[in-house]
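To keep things clear, I will list the structure first and then write my remarks on it.
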Amino acid sequence: MSFRLQPPPPARPNRCQLFGPGSRPALFEKMAASAADVVNLDLEDSVAPDDKAQARLNIIEAINTLDWGKKYLSVRINGLDTPFWYRDVVDLLEQAGDRLDQIMIPKVGCAADVYAVDALVTAIERAKGRTKPVSFEVIIESAAGIAHVEEIAAASPRLQAMSLGAADFAASMGMQTTGIGGTQENYYMLHEGQKHWSDPWHWAQAAIVAACRTHGILPVDGPFGDFSDDEGFRAQARRSATLGMVGKWAIHPKQVALANEVFTPSDKAVAEAREILAAMEAAKARGEGATVYKGRLVDIASIKQAEVIVRQAEMISA
């Protein structure tokens, strides 16, 4: 074991983050009643510049008046390269009550970006006497962001989650695609006349997972733009879950059930994990460090793998 300990991530479900524009308050009650673990009320890309101020008012009113149940309630502010973000933070922290759980910071390119928001939030919390600290989620959406992903992950104790914003990331990287997540038409190798598709987002997602797991942060898969393609959404979500991500964005209500389905361990997976733990307990009682389970070797590392699945299932059911 390394001298550097890997802290656990926040113990809360984050299977689905449902997004809705702050300029469409008619959607808020439906979002509050949804099955999403996290609701992201948006002030950024889905809101036109002339609508920013009203969207901010809409969100503050909704935070203070609607019943959000057990939802983890997050607001995506505008980017630090805009004239809107500071007013987003000030008004949210001064006017929205303690029901606000999280601020999502878009287009983060370095640790200083997180520090800037943290400093402002901390000052307002102290001035207003807020007793519940607001957490952060950041979105990696640029070449600079992925290049500095680990320093970003270590930037603030408020940081609880990190996502990849595929569209802006693709533009920053100069990628020849207009898709938002998913398989890209020309990203394949040709062998004996057959196309072998690959995943252009995999390397960036893997970097995010590694940085998040190192620093005790929840790694979350970003958007899948084609909300008419359920199987495409499931495929990308399964890949992300296998990679170590805990959930995925939903940009349409129909994607909520899909995300919850994929990121909830199946009964079969949980039963198998419990059987592996039981098999290893029996092996330990015999003085053995490994045993055979259904024809394959399991050992001490298998205990850790099985515990991941069991803990996730227990947290969701609770």
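Note that Cβ sites are derived from N, Cα and C of the backbone, with glycine treated the same way.
Fair warning: this is a prediction, and the values are worked out from it, not measured in the lab.
Site annotation (Swiss-Prot): substrate is bound by PHE19, ARG24, LYS30, ALA167, ASP168, ILE251, HIS252, and the candidate from ARG76, ARG87, ARG296 recorded at this site is ARG76. Remark: of the binding-site residues ARG24, LYS30, ARG76, HIS252, the most isolated position is LYS30 (fewest other Cβ atoms within 10 Å of its Cβ).
Within 10 Å of the C-beta of ALA167 (substrate binding site) we count 18 further C-beta atoms, all protein chains included. Across the structure, ARG76 (substrate binding site) and GLU141 (Mg(2+) binding site) are spaced 14 Å apart at their Cα atoms. Residue with the densest Cβ environment among the binding-site residues GLU141, ASP168: GLU141, by other Cβ atoms within 10 Å.
DSSP classifies ARG76 (substrate binding site) as strand under the three-state reduction.
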